[in-house]
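J.: According to Swiss-Prot:
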COMPBIAS  145-157  compositional bias 'Polar residues'
REGION    145-173  region 'Disordered'
BINDING   HIS174, CYS193, CYS218, CYS221  Zn(2+) 1 binding site
BINDING   CYS197, CYS209, CYS211, CYS214  Zn(2+) 2 binding site
Amino acid sequence: MAEEPTYTTEQVDELIHAGLGTVDFFLSRPIDAQSSLGKGSIPPGVTAVLTSAAETKSKPVAAGPVKPRRKKVISNTTPYTIADNIPPEKLPINTPIPNPLLPLARPHGKMTDIDIVTGNITEGSYKGVELAKLGKQTLLTRFTSNEPVSSAGSAQDPNFKRGGANRERARGNHRREWSIAWVGDQVKVFEWCNPRCAPVTASARKFTCTCGSCPSICGECEGDH
């Protein structure tokens, strides 16, 4: 077996001194791509030659001004408007929590409250009540094969009217619109009138007539408030 090479104390001190000198050299100044070493920049030779070559190849780079870090500013402004800032646990007993499905700013119309348990109706027209009953029944039977108990709102209902058959509507009239939401044991139906020429939107919006033939008030919206 080949004998392991041995070094004298002077040789070890010289190697350590050369290595620490190289480290101090690169740590004392900034390094860019030009001063970094590659295989082509290191000539063959002993440690002293390699260290001298590295010192010769490296180019001093002027240190640029240190850019201050931007401080992140945290704004306390709420990015949205809260309708009710009172926590639910601090509300009085039996106080209904505002329903997010109902719009905060509504046009003039009627609000009907229907208690599903007792069947009590506070206010509203016949159409809105029947529409709420039909919507509740459709929701409860949508995943079953049972026939609905009531035929309210169907074609067999004497109060049923199919749209588009009346020529008077084409000349300009009002269109009754509804917004239905379930809040606990209550069904809330909000209804209002829009001109027949107004677009149909998903939100409760009040439009004005653009065709010039729709009346300002019809028989259905006379009692709206």
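Backbone N, Cα and C atoms are what each Cβ position is placed from, and that goes for glycine too.
Situate these features within the shown structure.
T.: In the three-state DSSP reading, HIS174 (Zn(2+) 1 binding site) counts as strand.
Over all protein chains present, the Cβ of CYS197 (Zn(2+) 2 binding site) has 16 other Cβ atoms lying within 10 Å.
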J.: Round to a whole number and give the Cα-to-Cα distance in Å for the pair CYS197 (Zn(2+) 2 binding site) and CYS221 (Zn(2+) 1 binding site).
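T.: Per the Cα atoms, CYS197 (Zn(2+) 2 binding site) and CYS221 (Zn(2+) 1 binding site) stand 16 Å apart.
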J.: Tell me the coarse DSSP state (helix, strand, coil) of CYS193 (Zn(2+) 1 binding site).
T.: strand
